[in-house]
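Peer 1: Quick one: this structure, given as structure tokens, is what I'll be asking you about.
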Amino acid sequence: MPSKTEQRMHINLASPFIIEMWIIIFLVEFVKGSLLVALLPVYMENTLGLSVTVVGLAFALQYLGDNLFRSPSGWVMERIGYRWTMTGALLLITVAVILIIIATDAVSLSLACLVLGIGASPLWPCVMTGVTELAGSTKSGSSGAAMGAVEMASMAGTGIGPITVNFLMEHGHQSYRAVFFVLLAFAVSVVAVALLLPARITHGFHAVRHGGDEPGTAHPKLSPLKSLQRKLLQVRQSLKVSRLLYPALFLQAFAIGLMTPVVTLFTRTELNLTPSQFNLLLIAGGGITVLALIPAGRLVDRIGTKGFLSVGFLLAAVSLAAFSMVRWLPLVFVIVPLVGVGYAFILPAWNAFLAKQVPKGERGTVWGLFLTLQGSGMVAGPIVSGKLWDTVGHGAPFVASACVMVLLFILHLIIVRRTKLRTGESH
């Protein structure tokens, strides 16, 4: 019989940390998806009488708060641990929902969206750092299956949230205020889950430690500013990655951001879909992605990221370009699942690929930096998408996204080649 201390080959997806983070991601994305996709656009325009420009500004503040605070939150997490970083952040999400409930004008609602973004900012730095730490304690060092699991939680929450609140509004005859209080209950419950997180994850055999710093280590007391400066210097010295990785980080999210604001408009104006048909299309694409994420992640752990990213980028590029041109509904329902399969290949493989680039000593800060660069693409994408929609054509954002996927395919191959050459030279 193997001993309890025997090192695992891959990350245990049933470990307490993975389960707790899975629940947190699902609930946070449930709340955010409900607010940003289903409730706030209509509520702000119809109930509060705000213009679409104000709605866009409020949403931009949410993305801005999320992205600006990702790097600092990664640094904070390294100082005080997972439990208190996530608990403090999720309390801000609770505050944001309360502000939305009592908001009566553009300023207060925009402030609520900003607080919502700041509250969500530590989520992915903490998740990515934790998964990378756990991968480092396994024989394989692979994180694809775990990355697939957390991406599945994110997509499930983002999809199920809007469906649930729309059901409550349409069939349960609930008011906006009642639905906001339901989301407040979810926000409070996710804070309780965060209190179960460990403070730190040790490097030894998948163990989780509930204390503070590593035992027996002493650190000189530095002011927060000096500590941050010192950490950034350490990151700059230890982060030896291809410079092409930085534009690739931006482009990966930019490709998604190009589609996000116009996909609903496109299906209504160009494909003439009814709301129920659009829901079926979302299930066809999103459902395939969610179902394929974990098996794709497991295969990434076994055979590596290169093949999955290459196939994923090319499949997404071809299917997105086709989606922009096809108007026959049965063929649309074939193309959209192909987009979903492409993203199911890309998401766990891309995150596992990034995890290999992160130095062990500054995981939280580096993941915060990576995710900030990646998130900036989500801010820029919708702006460019709107311009393309108005000036070039309704299919232009999808063609542009397809072109970005081809560019990512090329950049990825160059980065892999340069990394191999650098590794070979170091040996």
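Count begins at 1; order follows the chain as displayed.
Even glycines carry a Cβ here, placed using N, Cα and C.
In case it's useful when we look at the structure, here is the feature table from TrEMBL:
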DOMAIN    17-420  domain 'Major facilitator superfamily (MFS) profile'
TRANSMEM  21-44  transmembrane segment
TRANSMEM  50-69  transmembrane segment
TRANSMEM  81-103  transmembrane segment
TRANSMEM  109-132  transmembrane segment
TRANSMEM  175-197  transmembrane segment
TRANSMEM  244-266  transmembrane segment
TRANSMEM  278-296  transmembrane segment
TRANSMEM  308-326  transmembrane segment
TRANSMEM  332-354  transmembrane segment
TRANSMEM  366-384  transmembrane segment
TRANSMEM  396-416  transmembrane segment
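Relative to the rest of the structure, where do these features sit?
Peer 2: On the 0 to 100 pLDDT scale, the domain 'Major facilitator superfamily (MFS) profile' (17-420) averages 82 in the predicted structure.
Remote same-chain partners of the transmembrane segment (21-44), defined as residues 6 or more beyond its termini with a Cβ less than 8 Å from a stretch Cβ, comprise 50, 54-55, 58-59, 62, 86, 90, 93, 97, 100, 109, 113, 116, 120, 123, 126-127, 130, 149-150, 153-162, 164-166, 176, 179-180, 183, 186-187, 189-190, 193-194, 197.
Beyond the ends of the transmembrane segment (50-69), by six or more residues, the same chain brings 36, 40-41, 44, 106, 109-110, 113-118, 120-122, 371-372, 375-376, 378-379 to within a C-beta distance below 8 angstroms of the stretch.
Note on the transmembrane segment (81-103): residues 17, 24, 28, 31, 35, 40, 48, 73, 109, 111-113, 115-116, 118-123, 126, 130, 177, 180-181, 183-184, 187-188, 190-191, 194-201, 212 of its chain, located 6 or more positions outside it, place their CB under 8 angstroms from a CB of the stretch.
Outside the transmembrane segment (109-132) by six or more residues, the chain places 11, 17-18, 21, 24-25, 28, 32, 35, 40, 44, 48, 50, 54, 57-59, 61-71, 73-74, 76-77, 82, 85-86, 89-97, 99-100, 103, 143, 146-147, 150, 201, 351, 354-355, 358, 363-364, 367-368, 370-371 with a CB less than 8 A from a CB of the stretch.
Below 8 angstroms of C-beta separation, residues 16-17, 20-21, 23-24, 27-28, 30-31, 34-35, 39, 43, 47, 82-83, 86-87, 90-91, 93-94, 97-98, 100-101, 165, 168-169 of the same chain, each at least six residues beyond the ends of the transmembrane segment (175-197), sit close to that stretch.
Under 8 Å from some Cβ of the transmembrane segment (244-266) lie the Cβ atoms of residues 278, 316, 320, 346, 350, 354, 357, 370, 373-382, 384-386, 388-389, 394-395, 397-398, 400-401, 404-405, 407-408, 411-412, 414-415, 418, all in the same chain and six or more residues away from its ends.
Outside the transmembrane segment (278-296), and at least 6 residues removed from its termini, the chain residues within Cβ reach (under 8 Å) are 13, 144-145, 148-149, 151-152, 155-156, 159, 163, 264, 267-268, 308, 332-333, 336-337, 339-341, 343-345, 347-349.
For the transmembrane segment (332-354), the residues of the chain that approach it from at least six positions outside its boundaries are 128, 131, 142-145, 147-148, 151, 249, 252, 271, 280-281, 284-289, 291-293, 296-297, 300-301, 305, 308-309, 311-313, 315-316, 318-320, 322-323, 326, 370, 412, judged by C-beta separation under 8 angstroms.
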